[in-house]
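Some notes on the structure that comes next.
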Amino acid sequence: MQEDTIAAIATAIGEGSVGIVRVSGEMAQSIGEKLVRTPSGRPLRLARRTMRYGHVVQPGSDDPLDEAIVLWMPGPHSYTGEDVLELQVHGGVHVLQSVLAACLAAGARMAEPGEFTKRAFLNGRMDLSQAEAVIDLIRAKTEFAGKMALRQVEGRFGDEVRSIRKELLALQAHVEVTIDYPEHDVEDVACQQVLTVGEQLLGRIDQLIASAALGRVLREGVATAIVGRPNVGKSSLLNALLQRERAIVTDIPGTTRDVLEEYINLRGIPLRLMDTAGIRETEDVVEQIGVVRSRQSMADAELVLLVYDGSQPLTDDDWALERETAKMRRIVVVNKADQGVRRDTQAWIEGLVARGVVYLSAKTGEGIDALADRVIDVIEQEIAMDMDASYMANARQTQLLQLAKQDLSSAMDSAAAGATLDLIAVALQSAYAQLGYAIGEEAGEDLLDEIFSRFCLGK
Ligand code: GDP
Ligand code: ZN
């Protein structure tokens with residue numbers, strides 16, 4: 001248990017009509033008793049895990065600051081594991097700050113960012129991967145990302161790492177015990193064991209690492225490049241998707257010279273849309289730079305929207321782009337359908353792309369919903385399902401998993417080469433420790449401070 005009692009505003013200021021001031025620590029109860037009154041002005045009795053209605057008053061006076069719903073959660077069965085008091089008041093900045101000030105006047109101290117979750121961790125209420133998932137949850141820009149982060153709060157990543165560690169420990173124990181035996185065949189059995197079990201564990205670590213890619217996608221948005229030769233309507237399509245005017249739309253080919261990025265929330269999935277300069281052969285130096293950048297963002301993209309102008313005959317640039325994107329995850333879009341689609345253009349495109357061509361008009365908005373459906377399908381079926389979404393290691397964890405993998409591989413190399421068992425044991429122990437850091441077991445104080453300072457205030 002920490003000595004002092006902390007308080008903070010737990011909801012983002014200005015969001016929603018209700019705000020929460022959260023208090024955690026030994027004084028939470030006495031602070032609640034000092035600050036909350038019944039509507040008729042009598043002291044309010046706090047009831048365990050029960051919502052109570054009352055008035056928050058300035059300590060020492062009976063001037064009501066606001067109406068409040070009071071939630072009392074005595075430790076250890078609370079978020080932090082300590083006594084927790086939550087005051088739900090009206091969400092205005094002024095009200096929230098005056099209620100927080102009242103808590104501080106009644107004896108609490110202002111919480112540092114992430115301090116509530118740090119206490120939860122220190123009191124054994126969650127492992128480090130769960131705590132970090134809380135950070136991601138707070139930061140998750142959209143529902144889908146939030147849902148994925150939630151699964152990690154439930155602890156699957158931690159469970160899998162713990163299970164791998166358990167096997168590593170058993171393996172290490174096997175090796176350590178064998179060190180004292182002089183017989184060679186006993187040593188050989190241990191080495192063989194390191195090789196077979198090691199192989200399995202490497203596979204499981206790899207799977208955890210693969211899951212990080214999805215986590216990143218969800219945090220940063222699915223990188224989606226809109227490509228096509230100049231004037232097919234890429235910027236207009238971006239605007240139609242954004243449903244607001246952002247990119248410059250002109251009649252002069254080659255004006256979108258730089259890559260413009262916009263984030264959209266497509267039915268709960270974050271997309272990082274990149275409007276690229278039109279890709280075509282050109283003598284203009286400035287435009288060439290734009291073309292280089294476009295190719296770069298096309299190469300980085302997880303999804304390509306390849307746009308054609310259905311009202312025009314196809315050009316060499318259209319041909320070239322089709323070939324260039326053929327191996328990428330792409331959706332072919334035929335724009336300007338409002339002007340009618342040319343037969344030859346349609347036949348050519350459908351000859352190349354058997355299914356899934358989306359006809360739309362960026363100008364009228366017709367077909368935009370169908371494109372959104374396609375994008376969601378591709379992401380859910382091809383991007384998200386590639387990986388088991390329930391683990392989602394973050395960048396720090398991925399690094400540690402890589403280190404654990406190196407240690408385990410070197411233990412296996414030593415075993416294969418018939419090196420001394422001591423050497424193998426040391427490598428196994430190191431792999432065990434790296435995995436421990438990933439879930440916060442054996443974590444040093446510095447690391448904890450580093451991690452928890454990334455939190456928003458009040459969490
Ligand atoms: P980009 O160079 O590929 O980014 O193309 P723009 O978005 O700048 O559009 C080029 C021209 O095509 C502009 O005059 C747009 O108004 C026009 N345009 C774009 N989309 C459509 C569409 O769906 N229908 C029609 N009729 N015109 C469009
Ligand atoms: Zn453009």
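Here the Cβ of each residue, glycine as well, is placed from N, Cα and C on the backbone.
Here's what TrEMBL has on this protein:
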| type | residues | note |
| --- | --- | --- |
| BINDING | R22, E86, R125, K459 | (6S)-5-formyl-5,6,7,8-tetrahydrofolate binding site |
| BINDING | 231-236, 250-256, 275-278, 335-338 | GTP binding site |
| BINDING | N231, T250, I252, T255 | K(+) binding site |
| BINDING | S235, T256 | Mg(2+) binding site |
| DOMAIN | 221-380 | domain 'TrmE-type G' |
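Everything TrEMBL records as a feature, shown here on the structure.
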residue: E86; record: (6S)-5-formyl-5,6,7,8-tetrahydrofolate binding site; Cβ contacts under 8 Å, 6 or more apart: A10, I20, V21, R22, V23, V70, L71, M73
residue: R125; record: (6S)-5-formyl-5,6,7,8-tetrahydrofolate binding site; Cβ contacts under 8 Å, 6 or more apart: P76, Y79, T80, G81
residue: K336; record: GTP binding site; Cβ contacts under 8 Å, 6 or more apart: V232, G233, D309, G310, S311, Q312, S361, A362, K363
Where the C-beta lies under 6 angstroms from ligand 2, the matching binding-site residues among E86, R125, N231, K234, S235, K336: K234, S235
Select, from R22, E86, R125, N231, K234, each of the binding-site residues with a Cβ positioned under 6 A from at least one atom of ligand 1; if none does, say none. N231, K234
Using a 10 Å radius around each Cβ and all protein chains in view, which of these binding-site residues has the most neighbours: N231, S235? S235
Please identify which of R22, K234 has the densest Cβ environment, defined as other Cβ atoms within 10 Å, among these binding-site residues. K234
According to DSSP, which of helix, strand or coil covers K336 (GTP binding site)? coil
Any idea what DSSP makes of R22 ((6S)-5-formyl-5,6,7,8-tetrahydrofolate binding site), helix, strand or coil? strand
Using DSSP and collapsing to three states, where does E86 ((6S)-5-formyl-5,6,7,8-tetrahydrofolate binding site) fall: helix, strand or coil? strand
